[in-house]
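For 21-40, 46-67, 93-112, 118-135, 142-161, 167-191, 212-232, 238-256, 276-293, the entry in TrEMBL reads transmembrane segment.
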Ligand code: HEM
Ligand SMILES: CC(C)=CCC/C(C)=C/CC/C(C)=C/COP(=O)(O)OP(=O)(O)O
């Protein structure tokens, strides 16, 4: 007889929500709020979006873990998730995700407006239905198209403050969208074999390391060009421009190192890919902080 699974604790439920990923998603939400308000957006929308935003992104993460438990079981990085070990049953995880989905709408709508709440629901739906249930297992473009879900949080933050979506809001969306392939494929290069073993068509496992790195170079260049547009349009000042310049140079240096490695040896060395993966997160965080400060201090 199989031993009964251990009792779930609040920590197991927290794990289901992918808290570390959410920390950066919330930074882009809150960053967008400060940019939209050109300063402090007010305590009620700020706290409401932190709590409601955590709940909606958390719900998306729980649904994802329930749907993916068959593949998560067979990958080292994900094998100890509570949905895999059955510390939390599928039924309880789904109830938890449904409660988070419902509450997130109520909290965001009350703290800001219905548009922001609807956008957060659109983010959950896109991530769960379009990325997790459809694209993730069918095409190596999965995270390019699916990346749109991760780019929704700045739209939520912007809408929470202004009640609408302006051109700058869509710029923030595009920034996260074009950044995502560099962020994720750097990691995918490191765990290519795991994805290959479970049949998930992540780019390095399907088109190879060299072609993936070439795609990353293209997306990195697009990201860099994109960061310069709002400065050219006078949306941000010189402080932003200088910070973006430094962040972009550091990004391009890491991407170039990856390119040299793959051209020389047809494969990528771990420290170079790991350094880009880690830097990608600092890059996005610092860009959003700089944009918010530039606006607030202008
Ligand atoms: C479709 C788009 C994306 C995919 C497929 C993706 C995939 C991943 C994966 C597989 C990890 C490793 C997690 C782990 O070790 O358990 C990761 C880490 C991370 N991602 Fe993404 N990501 C995406 C978009 C984003 C976005 C939009 C953000 C935030 C703006 C983000 C923030 C993070 C952070 C902060 C980590 C580090 C987590 C840690 O250290 O445990 N990701 N991502
Ligand atoms: C507004 C709103 C709620 C937006 C949702 C945004 C969201 C939850 C983005 C998450 C991005 C992410 C961690 C993808 C990894 O999925 P994966 O299945 O490839 O990673 P895994 O193997 O670690 O599960």
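Backbone N, Cα and C atoms are what each Cβ position is placed from, and that goes for glycine too.
Counting Cβ pairs closer than 8 Å to the transmembrane segment (167-191), the top stretch among 21-40, 118-135, 142-161, 276-293 is 142-161. Just going by CB pairs under 8 A, the stretch in 21-40, 142-161, 276-293 that sits most against the transmembrane segment (118-135) is 142-161.
For the transmembrane segment (142-161), the list of distant contacts is 25-26, 28-33, 35-37, 41, 45, 48-49, 53, 56-57, 60, 108, 111-113, 115-116, 119-120, 122-123, 126-127, 130-132, 135-136, 168-170, 172-177, 180-181, 184-185, 201-203, 288: same-chain residues at least six beyond its ends, Cβ to Cβ under 8 Å.
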